[in-house]
Amino acid sequence: MRASRVAASLYGARAAVCEMPFATVASDSLGGVGGTCVLRGCVPKKLLVYASKYSHEFEENHGFGWRYGTEPKHNWSTLMTNKNLELQRLVGVQTNMLKNSGVTIIEGRGKVVDPHTVSVDGKLYTAKNILVAVGGRPSMPDIPGIVHVIDSDAALDLPSRPEKIAIVGGGYIALEFAGIFNGLKSGVHVFIRQKKVLRGFDEEVRDFVADQMSLRGITFHAEETPQAVTKSDDGLLTLKTNKGSINGFSHVMFATGRKPNTKNLGLEEVGVKMDKHGAIVVDEFSRTSVDSIWAVGDVTNRVNLTPVALMEGGALARTIFGNEPTKPDYSAVPSAVFSQPPIGQVGLTEEKAIEKYGDVDIYISNFRPLRATLSGLPDRVYMKVIVCANTNKVLGVHMCGEDAPEIIQGIAIAVKAGLTKQNFDATIGVHPSTAEELVTMRSPTRKVRRDAADESDQSISNRGNNRQVSVFQAAPEKSNPRLQPVKNGDEL
Ligand code: NDP
């Protein structure tokens, strides 16, 4: 959508988009203008997140004096009907956006038949350039009984609320749906094959989010890999893992990643190269191994986020039609996990920052937000700011807690602009807010030094990838909020 709209409206290119008719669950012949994000991903997911958050808010508000005559009840079909009406509306909005930009819509399934020709349900269309932006599809391991499980497409459009659901996976989708179903009062069990959820995220955020989700009633099963799913006569499902079996699930959902949707598009036949995961291999300008064929978005398996795909599409239109070769810029891409509580992050994790820069200062705040003082709930907020010790630049910010996605969007501007901790410190906080903590953290919680010569008793642990690094940890805040003196430390 982005590539065709920019190409047509900004550069006057003749552009057409080929897309299949709308359905909530995608298939080989159904999809819809708007694609995964609008119809089977970010947007409907966020609507369900909103729906599910109310139960926590009902719990919170007792401490603020609210009482209800009866327990609040949720009507599943109202939610599904309204969500689907909104999706229908969005298909119309997206279609109009294309038309208003001067883009032609060709409805049907497309197949590339030569480097300049696409066949749509048997009718041939020729073009100087072809862009493949078909995204990805849920992928599941091939284990016995996999036919009984649902994927995220189906989970967004269930006819009734799951009584008890097993969710396999510990990534974005698994955690977001765990929060949704928990908030809507299903029993939720999450099975992860690692020790922790969210591989690749900041280590402490990984622990924090799992703790907070557990406190809200989700049961995590760590280091449990699914081996089979069976269905009993009463329709209930059993999940067998390497550690045993758990039964009585009304639903089992697999959120075990997504794969590029490159099958049956004619790409191999025309010579478009793919990697071992089926992702289209592209150069820095999103050009495939066939000169006239380009690819952007999840189908290239670079950074699989909608706003990144939009950037890639815009850059591509400029490259081809604007006479301005433009590479997508992947630095400081912010992202959020709409778990409950949600996560927002931008820039490097602590582990990556140490690997890249060696000397970093880490500022951490883990606190009870004002709202929790009266709600009485065990909700907390976690924030981490990672600073390069040599340049004072903020390398990464990670947050888990209410409003983290909204807060991190603003912070991402500062990180992208390469601002320093001094810039953060010079910024006045908005009071009273959770976000103000990000500009009021004055003392590092720890200083990590790659080549600290003195292995004194201030060096309390070693971390990092085969590098000798020393960590100088602040004393616990209650006894002494200041850092212990460090060998080459600045006065803080
Ligand atoms: P992820 O790759 O994030 O997570 C997949 C999870 O499934 C991992 O925990 C992985 O474990 C686990 N897994 C994979 N295979 C198996 C298996 N055979 N058995 C057990 N566990 C397995 O994928 P998602 O499906 O959550 O999300 C797909 C993509 O969608 C992501 O790239 C994400 O960027 C995007 N997305 C973004 C959102 C956002 O921006 N808010 C929301 C939703 C999706 P392990 O760690 O061991 O590999």
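Positions of Cβ are set from backbone N, Cα and C atoms, glycine also.
Straight from TrEMBL, the features:
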DOMAIN    26-313  domain 'FAD/NAD(P)-binding'
DISULFID  C37-C42  disulfide bond
BINDING   G169, G170, G171, Y172, I173, A174, L175, E176, G257  NAD(+) binding site
DOMAIN    333-441  domain 'Pyridine nucleotide-disulphide oxidoreductase dimerisation'
ACT_SITE  H431  active site, proton acceptor
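Feature map: TrEMBL annotations on the structure.
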residue: C37; record: disulfide bond; Cβ within 10 Å: 20
residue: C42; record: disulfide bond; Cβ within 10 Å: 16
residue: G169; record: NAD(+) binding site; Cβ within 10 Å: 23
residue: G171; record: NAD(+) binding site; Cβ within 10 Å: 18
residue: I173; record: NAD(+) binding site; Cβ within 10 Å: 23
residue: L175; record: NAD(+) binding site; Cβ within 10 Å: 27
residue: G257; record: NAD(+) binding site; Cβ within 10 Å: 17
residue: H431; record: active site, proton acceptor; Cβ within 10 Å: 8
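Listed in sequence order, the recorded positions among G169, L175, H431 whose CB lies under 6 angstroms from an atom of ligand 1 come out as G169.
Across the residues annotated as binding NAD(+) (G169, G170, G171, Y172, I173, A174, L175, E176, G257), the two Cα atoms farthest apart lie 13 Å from each other. Residues G169, G170, G171, Y172, I173, A174, L175, E176, G257 make up the record's NAD(+) site, and a Cβ search at 8 Å around their centroid adds I167, F177, V197, L198, A255 from the same chain.
Within the domain 'Pyridine nucleotide-disulphide oxidoreductase dimerisation' (333-441), the DSSP-based counts of helix, strand and coil residues read 38 helix, 33 strand, 38 coil.
The predicted model assigns the domain 'Pyridine nucleotide-disulphide oxidoreductase dimerisation' (333-441) a mean pLDDT of 98.
It is 15 Å from the Cα atom of G257 (NAD(+) binding site) to that of C37 (disulfide bond). Using CA atoms as reference points, the recorded positions C37, C42, H431 were checked against L175 (NAD(+) binding site), and the closest is C42. It is 10 Å from the Cα atom of C42 (disulfide bond) to that of I173 (NAD(+) binding site).
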